[in-house]
Amino acid sequence: MSNCSARSSNEGQAKGEQQHVRQVQYDGTTTPPTSIAECKELTGLTHECGVFGAIACGDWPTQIDIAHVVCLGLVALQHRGQESAGIATSEGKSGKNFNVHKGMGMISTLFNEESMKKLRGNLGIGHTRYSTAGGSEVVNCQPFVVHTAHGPLALAHNGELVNNESLRREVLTRGVGLSTHSDSELIAQSLCCAPEDVSENDGPNWPARIRHFMTLAPLSYSLVIMLKDKIYAVRDTYGNRPLCIGKIVPINAGHGASAETRADGWVVSSESCGFLSIGARYVREVEPGEIVELTRSGYRTVDIVERPDFKRMAFCIFEYVYFARGDSIFEGQMVYSVRMQCGRQLWREAPTEADIVSSVPESGTAAAHGYARESGLEFAEVLCRNRYVGRTFIQPSTRLRQLGVAKKFGALSENVAGKRLVLIDDSIVRGNTIGPIIKLLRDAGAKEVHIRIASPPLQYPCYMGINIPTREELIANKLDAKQLARHVGADTLQYLSVEGLVQAVQLKRQTSGGGDKRMTGHCTACLTGEYPGGLPDELSW
């Protein structure tokens, strides 16, 4: 379950298994999805959130439209959440308030010319969110703004606190009231209280407060925290959720400008995919456990909170498989390249005789290209996505419901008829969509349909910010690959192995000489059940 949703502190089931997202089946009784939210619900993976921050360099008031920079940054992160969004800006003065606009809906509908005028400032942060059932309310929209003795503080959060309940008890014991059950508000209120062993005679020591919170909450979070005239970028010590820094370059800097070119501003984002569209250049990732301070003068590391010596980094491997946009950079490599490598590895592990290779667009396309190149088979598109699937109010008849996937896809029959094809997808969660797709292809004349999945079977819930369905809902816990192939009507079906996925993700680092092994490592908990920080009940001290 994502941190971004409201949650009762006394729910009986374990985190990650609390919310039973409505299971959508094409059995003639349930309508196909008619919105982006329902489409994500259908796939079964309801991650997540995106965070973004920007600050102008030089003299203020700045000539850079910070609100528009943040808004465009959020648009680039819209794939990480479509239910709500918000922006908070500051003019950097001694004022008592931030400019805030947030609400339910897509960014394009929330922010217009009038709202953007009210968000003028020299620095700002933003958030785009996807919640689970029960948490889709205005009260949970971010950024959260709280008023402290030292001025306002705004916070945006991606992830989920695995020890939410123990931290909540501690905050409540201090006499702090909470208005929601959101992890993000809990973090904001935690930062309002100075640690007992920290002296603040000369004013608030925000890095010390952030460090104190990080020692109490091992994972999972990437944070952007805005104060009057600065932004802090924070990543948990395991590096479970992504966060990176970019530099806004002058318009006339050109493509050949050196790395020393002065910056017009700095940005921090969950992903780097939107940097070029706002005139920014990728600089580096925020390291696990790092606290980065961004001011009008630039950015600097103010502290690093270390993991226990026996623990390795645990970056979410499903960011590569499913969540991130293909043009984002993680760990020095582009996500698209890693997905292609997953396809290459998939051919080595699960070859088959076929005429063409194709994909379920667009999530499986990169892996399909890798599979085709490694096998020498031709890549050809066989499915055409209907981009307006969520724009109709017409409810189909029972017969059309049974053809549910036809609303979402069309088949390119000339590429399919009489062919033995390999169809690549990035993952299977509930197994609701692959069967209708296979039927669609067979109706278009496919001779054979071999399914290859560019990730291992999902078998376990996630406690770190991704609402993977309960174990009972995950199809891999009911059927093995051969049984699933029969169930969905495929000639064969095979997954990429866990070892193969890890090898594909770490290939670039391995070929470049390795480096510090503690600074590598990926969370595979949803695939293996091995959680980097233990189970939540083990952490709720």
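Easy rule for this one: first residue shown is 1, then count along the chain.
Cβ from N, Cα, C; glycine included.
Going by TrEMBL, these are the annotated features:
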type	residues	note
COMPBIAS	1-12	compositional bias 'Polar residues'
REGION	1-32	region 'Disordered'
ACT_SITE	C49	active site, nucleophile
DOMAIN	49-297	domain 'Glutamine amidotransferase type-2'
BINDING	C316, C462, C523, C526	[4Fe-4S] cluster binding site
BINDING	S363, D425, D426	Mg(2+) binding site
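When the Cα atoms are compared, S363 (Mg(2+) binding site) and C526 ([4Fe-4S] cluster binding site) turn out to be 19 Å apart. C462 ([4Fe-4S] cluster binding site) is 21 Å away from D425 (Mg(2+) binding site) when you measure Cα to Cα. Among the binding-site residues D425, D426, the residue whose Cβ has the fewest other Cβ atoms within 10 Å is D425. Cβ atoms within 8 Å of the centroid of the Cβ atoms of C316, C462, C523, C526 (the [4Fe-4S] cluster site) belong to the same-chain residues N240, I317, F318, M464, I466, I468, T524, A525, site residues excluded. Just so you know, the Cβ of C523 ([4Fe-4S] cluster binding site) picks up 27 other Cβ atoms within 10 Å once every protein chain is counted. Counting other Cβ atoms within 10 Å of each Cβ, the lowest count among the recorded positions C49, C316, C462 belongs to C462. Separation of the C-alpha atoms of C462 ([4Fe-4S] cluster binding site) and the residue listed as 'active site, nucleophile': 15 Å, rounded to the nearest whole number. Ranking the binding-site residues C316, D426, C523, C526 by the distance of their Cα atoms from the Cα of C49 (active site, nucleophile) places C316 first. Cα-Cα distance from C316 ([4Fe-4S] cluster binding site) to D426 (Mg(2+) binding site): 15 Å (rounded to the nearest whole number).
In this model, the domain 'Glutamine amidotransferase type-2' (49-297) carries an average pLDDT of 90. Around the Cβ of C526 ([4Fe-4S] cluster binding site), the same chain contributes F318, L458, Q459, Y460, P461, C462, I466, I468, each under 8 angstroms and 6 or more positions distant in sequence. Excluding S363, D425, D426 themselves, the residues of that chain whose CB lies within 8 A of the CB mean position for the Mg(2+) site are, in sequence, Y322, S359, V360, G364, A367, I424, S427, I453, A454.
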